[in-house]
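Visitor: Quick one: the structure is below, and I'll ask about it shortly.
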Amino acid sequence: MAQEAGDMDDGQVSDSDSDMTVAPSDRPLPVPKALGGDCGLRPFQSTATACAPASHYRTVKSVDSSEESFSDSDDDSSVWKRKRQKCFNTPPKPEPFQFDQSSQKPPIAGRKKVNNIWSAVLQEQNQDAVATELGILGMEGTIDRSRQSETYNYLLAKKLKRESQEHTKELDKELEEYMHGGKKTGPKEEENGQGHPKRKRPVKDRVGDRLEMNYKGRYEITEDDSQERVADEISFRLQEPKKDLIARVVRIIGNKKAIELLMETAEVEQNGGLFIMNGSRRRTPGGVFLNLLKNTPSISEEQIKDIFYLENQKEYENKKAARKRRIQVMGKKMKQAIKNLNFQEDDDTSRETFASDTNEALASLDESQEGHGETKLDAEEAIEVDHSHDLDMF
């Protein structure tokens, strides 16, 4: 203690008062501890709590600086400015920063996208491209529905369109089978008129593309040639598929007249051809040939009837079969109507109304049963008639 007292300079006080008279420059700075240590150890505290010791230090510092001289070192002033600037210039943070790398900031609920339409469109296009690739591979892609009602699921639209087209094809196929009576008529049957379509087909389907006449032909024909040779050459030049009809023409009117009609047909075709009766289309070369045949005075009506007898007979049979089908359908409808109606004994008006239709329907059903080519009715559908006077009741 004596050595320590001897080492003291003039003006120093004793050890008991040393704690009260320590110079401000010799005091330890609490700011680094408060700012460095506390902020590092407690990252989840608010900024105001971390800066509270710094505010206390600033107050003490301002009081002490008024009493002491301005002989402090430049190092102390630089430290003071740096600490003060760091404390008061730090912008307030709404949330403390988390040092954990695995943690992510949760999205704010109710936040709307502002001025984000083009980026959304670009993102949707990229998703569409990915969905297309998945569709090619047989997988289903997910469509972005962030645009809610404006979202267009084109994958679903393509799928629905494909299903609709397949369904339409099936309906067309069923209708085609129904129109042809459950079987497809071949081209030969259509040419010979053996097909019984329920609807008149278009001209291109019935006649086909219009073929131009072959004026030169394969070889020259004369009156001395055989009828088969002349008929075959005329059919070739006219591009006529009904060769049997041309053969009958040559057989009935002769080689000379048939060759003359062929020359007249070639002249008419070179001048533009002939139209049909309604003027909707031009006649085929074979049609021009047959039209000239009918309008030639030197050819009698008996010859024309003999030439077109088979064609007229086929047309008549087709019309008769169509009429039978219509009557048969009407008869079935009448039977169903009669079964569903309950006539009263004194109701004469309703009985007279259905009497004629019922008789016609029953007659048509009897004719259809007699015909070998027509379909027969079931036993359940037949009307039971015990006596002949039962028909008069209707």
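Residue numbers in this text run from 1 along the chain shown.
Each residue, glycine too, has its Cβ placed from N, Cα and C.
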Visitor: According to Swiss-Prot, which listed range is motif 'Nuclear localization signal': 81-84, 125-128, 225-228, 241-244?
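Guide: Based on what Swiss-Prot states, motif 'Nuclear localization signal' spans 81-84.
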Visitor: Between Thr296 (phosphothreonine) and Ser226 (phosphoserine), find the distance joining the two CA atoms and give it rounded to the nearest Å.
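Guide: On Cα coordinates alone, these residues lie 23 Å apart.
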Visitor: By the DSSP assignment reduced to helix, strand and coil, which category contains Thr296 (phosphothreonine)?
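Guide: In the DSSP reduction, Thr296 (phosphothreonine) maps to coil.
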Visitor: Relative to the Cβ of Ser226 (phosphoserine), which residues of the same chain, six or more apart in sequence, are found under 8 Å away?
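Guide: Those within reach of Ser226 (phosphoserine), by Cβ under 8 Å and sequence separation of 6 or more, number none.
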Visitor: Near Thr296 (phosphothreonine), how many other Cβ atoms are within 10 Å of its Cβ?
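Guide: Counting Cβ neighbours of Thr296 (phosphothreonine) within 10 Å gives 16.
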